[in-house]
Amino acid sequence: MNTLLWAAVPYVAIAILVVGTFWRYRYDKLGWTTRSSQLYESRLLRIGSPLFHFGILVVIIGHIIGLVIPESWTDAMGVSHDAYHIQALVLGAIAGFSTLAGVAILIYRRRTNGPVFMATTRNDKAMYVALVAAIITGLATTLIGAGIVADEHNYRETVSIWFRSLFTLNPDIDAMAEAPLSFQIHTLFGLLLIATIPFTRLVHMFSAPIGYLFRPYIVYRSRDARPDRPIYRNRDGVRTRQRAGRR
Amino acid sequence: MKVMAQVAMVMNLDKCIGCHTCSVTCKQAWTNRPGTEYVWFNNVETRPGQGYPRTYEDQERWRGGWERTKRGRLRLKGGGRVRRLLSIFSNPKLPSLQDYYEPWTYDYDNLINAPLGDQMPVAQPRSLISGDPMKVEWSANWDDNLAGGPQLAVDDPVLKKVSDQVKLEFEQTFMFYLPRICEHCLNPSCVASCPSGAMYKRSEDGIVLVDQDACRGWRMCVTGCPYKKVYFNHRTGKAEKCTLCYPRIEVGLPTVCSETCVGRLRYLGLILYDADKVLEAAAVEDEKDLYQAQLDVLLDPNDEEVVEAARREGIAEDWISAAQRSPIHRLIKEYRVALPLHPEYRTMPMVWYIPPLSPVVDQVRDTGHDAEEAGNLFGAIDALRIPIEYLAELFTAGDTAPVDAVLRKLAAMRSYMRDVNLGRETRPEIPAGVGMTEESMHAMYRLLAIAKYEDRYVIPTAYEEAGRQLEEMSCSLDYDGGPGMYINGSGPFGEASGQPVPVSVETFHALRHRQTTDTLAGPENKEQRVNLLNWDGQGRPAGLFPERQEDGDA
């Protein structure tokens, strides 16, 4: 069971993420968008959306710090165990709560505003469930890990070791199996979210426009330099009038 | 000198009767799809008026276009790159749907299905956004012909600039129409605002386009454009804008709005410009110098040096010769009667306008004087400050001298040509008084008043070797996947996801759906409405006639 959960599932999730994203990009460039609903409603969005997005950016940075940087490094830098946990708790709790508040506002807006709700697909609803589940369990682990709700747990001796071992293709299953249930549940929800990213509107995170900071303001493009669209595939073929049939 | 070619447009406002034919044909051609109900790539505004979207010219509010920094550089008025990115999660300067208008249809079904009663059944307006019954309170041309009068027109940002105390009394009013499309600017701030780099200016013909595959729906272009001519398709989540009908331009046809203009007031042609000088010209210190700076960027296509430089840049011979015959170049540079719209936005717009003489003519005629006598018209141009200042705020950043000069030329032409038409002795002093010769006066008259089709539109086709790429025109349905790709407008990841559908295929299906359905336009299936405007009498749209007994033709 542990092997399935902590060795098989993570790799499957990552594989789905990579292959799925590649497939989605090939198949669905036209649907690769934020699908913004700001045109319908902007008063609540103006509060909820930045709250959520900036919150989740901090959360992601926090995850990277907690999972990627080994405890021995921070020890070497002279950051004590307690100091580390206090900053992780404070930063994590603030970011987590603003993310949760943001997503709550956004979901409330989505449900109560008629046009926004009508523009919500089933896909979106499923995505919201996975997202909120991951956020709530994550916030819970932050509080649990700091010893506020339950016994303190140093996830950097369990989850982080397992996480890093995934990338050396030698998953430390035991390390993860020792972690408390709350961490395990959060990890599973996180993996679920990772696996579903390519198939939801969350793909827009991969087009974060960092390049905008470095490109020239005015973009010129030649008429010839169009992307290879299927239209041109029969460029050398005979032009027949197959108006109704498929090829 | 880096010579580039640009397809540009001039509109002669004196001839615009405000019939909205351009808007309607444009909409039928380009924005009759779900998500673009509120979108008018071409719209006609009555000025003074608020425009569409409401008060879009108030850049202190909407922050469109460029501004000049103290160090003389250009910066997006909406903020620099970092600021743009920080506001990406919720664009604070995005016009709401209410600033455009909430699109609607009517519940026609009720007319035939209402139960028998004492009252005539009515077709209630229904929002195309929410599907709910709604009160129609605004539209793209709600203040058409000064409707709403002083209550609405006072909010015109241009009028506010002219004077704090303009009285919009009926006797003092003036009015004209302003058709607007995308300006296809030389220094487009929408392109500069796009975080994804999905918007681009075509290097061959200068048309500004949105790459639908690369657009990620960040909505910054809508803010960036000071003319508010980039729109957000709320169903596909992508930006859309006027394409200058590039599929038509590429084969030498004028745009739909030009082709269908009953007043024949639009001109299309090439201009050559020096791309190296654009930024410098857009950054001149005094706003009032922008008109002249923009003129200086345009090159003389008859200058041997320019022609040589154009050849070096790979501009084809037929394009150079088209630039030499261009009506645009003549109106802008030779006769100097066309002016750019709002040069103070510093985007170097490329749709120019011949300001209307009609407010002046009307005033002269209304006072019982001869409205074709040069002296009377010149006197009126001097006397009628408010219309002139208003025009100057539109076209020359408030500098009345160029507007004066244009109106004098138009008045001189009117007066001079009357003598010709009445067989009187012509008066060479009239053209001379406005710095023109009799010959150029005749030529301008021919271009402006006779306005033959081949004189108005001088459009070179896309290169012969590029012809193969224009295949979409001829056999749009003939490709892998074919027209069957269009699955009710919605793929698995929301509206319009999945493989791209060529515009012509989408239009084909939208039309067919629309002609064969009778459901009320619910937002789920907006393409399935009966649109009697589109119904050409062929076939039997399902809900249009009572059911037949046998299952007849489809």
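In case you wondered, yes, glycine gets a Cβ from its N, Cα and C as well.
Copied from TrEMBL, the annotated features are:
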{"type": "BINDING", "residues": "A:His53, A:His63, A:His186, A:His204", "note": "heme b binding site"}
{"type": "DOMAIN", "residues": "A:2-223", "note": "domain 'NarG-like'"}
{"type": "TRANSMEM", "residues": "A:6-23", "note": "transmembrane segment"}
{"type": "TRANSMEM", "residues": "A:44-69", "note": "transmembrane segment"}
{"type": "TRANSMEM", "residues": "A:89-108", "note": "transmembrane segment"}
{"type": "TRANSMEM", "residues": "A:128-150", "note": "transmembrane segment"}
{"type": "TRANSMEM", "residues": "A:188-214", "note": "transmembrane segment"}
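Annotated features, which come from TrEMBL, shown on the structure.
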residue  : record              : DSSP class
A:His53  : heme b binding site : helix
A:His63  : heme b binding site : helix
A:His186 : heme b binding site : helix
A:His204 : heme b binding site : helix
**Message:** Counting CB pairs under 8 Å, which listed stretch among A:6-23, A:44-69, A:89-108, A:128-150 touches the transmembrane segment (A:188-214) the most?
**Reply:** A:6-23
**Prompt:** When the pLDDT values for the domain 'NarG-like' (A:2-223) are averaged, what is the result?
**Reply:** 92
**Request:** Consider each pair of residues in A:His53, A:His63, A:His186, A:His204, all listed by the record as binding heme b, and report the largest Cα separation in Å as a whole number.
**Result:** 23
**Prompt:** Given the binding-site residues A:His53, A:His186, which one has the fewest other C-beta atoms within 10 angstroms of its C-beta?
**Reply:** A:His53
**Complete:** Neighbour count check, CB within 10 A, over binding-site residues A:His63, A:His204; minimum at A:His63
